[in-house]
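Below you'll find the structure, written out as structure tokens, and then a few comments.
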Amino acid sequence: MAEAMELGKDPNGPTHSSTLFVREDGSSMSFYVRPSPAKRRLSTLILHGGGTLCRVQEPGAVLLAQPGEAAAEASGDFISTQYILDCVERNEKLELEAYRLGPAPAAYQAPETKPGVLAGGVAAAEPEPQSQAGRMVFTDADDVAIITYVKEHARSASSVTGNALWKAMEKSSLTQHSWQSMKDRYLKRLRGQEHKYLLGEAPVSPSSQKLKRKAEQDPEAADSGEPQNKRTPDLPEEEFEKEEIKENEAAVKKMLVEATREFEEIVVDESPDFEIHITMCDDDPCTPEEDSETQPDEEEEEEEKVSAPEVGAAIKIIRQLMEKFNLDLSTVTQAFLKNSGELEATSSFLESGQRADGYPIWSRQDDLDLQKDDEATRDALVKKFGAQNVARRIEFRKK
């Protein structure tokens, strides 16, 4: 079963520590990301690493912007988005000040490049211009080298969105950038722009043609660099919807099990039956007395199998949150788990980085403390989360 779970993981999903952006005192680092094509990916990496996001610039939040943004560099208050990518790449928290954006030195003049000359081949490398944060920027030579390598070595569209091609590119010392940076550069800036460098089209295959047509229909999804779900062209619309629901149902269950394992670091049984229970309101959780009228047989039946309407409703809600906040399935399900399955609290957390009631989200250590038969520990949890939220958490874990 463990092997099956490993095989089921998304190879392109975040793999860095879930506490990468958590301070030593246990509080989460808060980030504000300026609108940009990379915002979705950065948000996913930040939330996966235990950080939080704010919709507006708040005191104490780390302000992120892409190098080259004039307003951000002029203010001197922004940190380069490369900080997130480098932290994730090294899986360690780096020094923020090393990535602070600011006006370029007056004496520095960027060397001029001629794309027409580079199109025939990559010229001898000159010292690369560096951003104020100390990170090398991509030159035209880098772009041509990346496009040429992809054209010659990518066997299919999936190899471009995977990791193996880019790791091999890094080992070949094609550029001085990391494979993550080159992959991000190609997917966000270079793919579909080959003609500007006087190069041929990207590798053509039936699958890449389908991906291209899909990208034309959904450009936002194409920018994300994420492979789209395959759609069987000959299936009637109704059958396709059923197939899609079935695929998403399996994905939701798989991601919840995966999220639970990462969040709680516990061993999952061979027949994992952990289901997310989305609380639609903030009323007190049901008490045993309120459930006493339910027959034992019915309870066992409900525990053994979740009804199709319930699954459909859960999938619909998760989809809505994914679309509303432009996040992936893993991030949304993690947020539900950390907020005891409460819809309002989860939505608020995804939007602002904190719950509407002002209480913190649940961590693995909090859940471990919750299992202790210790009155002092329980009182501390009540003080931290409030009696109502503690009761909800207990009920949520039972389910």
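Note: Cβ is positioned from N, Cα and C throughout, glycine not excepted.
Range with Swiss-Prot annotation region 'Disordered', chosen from 1-21, 22-42, 253-273, is 1-21.
Taking Swiss-Prot as the reference, the stretch among 128-144, 349-365, 383-399 described by the feature motif 'Nuclear localization signal' is residues 383-399. The helix, strand and coil residue counts that DSSP assigns across the domain 'Myb-like' (130-190) are 39 helix, 2 strand, 20 coil. Non-local contacts of LYS372 (SUMO2 cross-link) by the CB criterion (under 8 A, 6+ apart in sequence, same chain) comprise ARG378. For the modified residues SER36, SER43, SER158, the largest tally of other C-beta atoms within 10 A is found at SER43. The average pLDDT for the domain 'BRCT' (10-101) in the predicted structure is 87.
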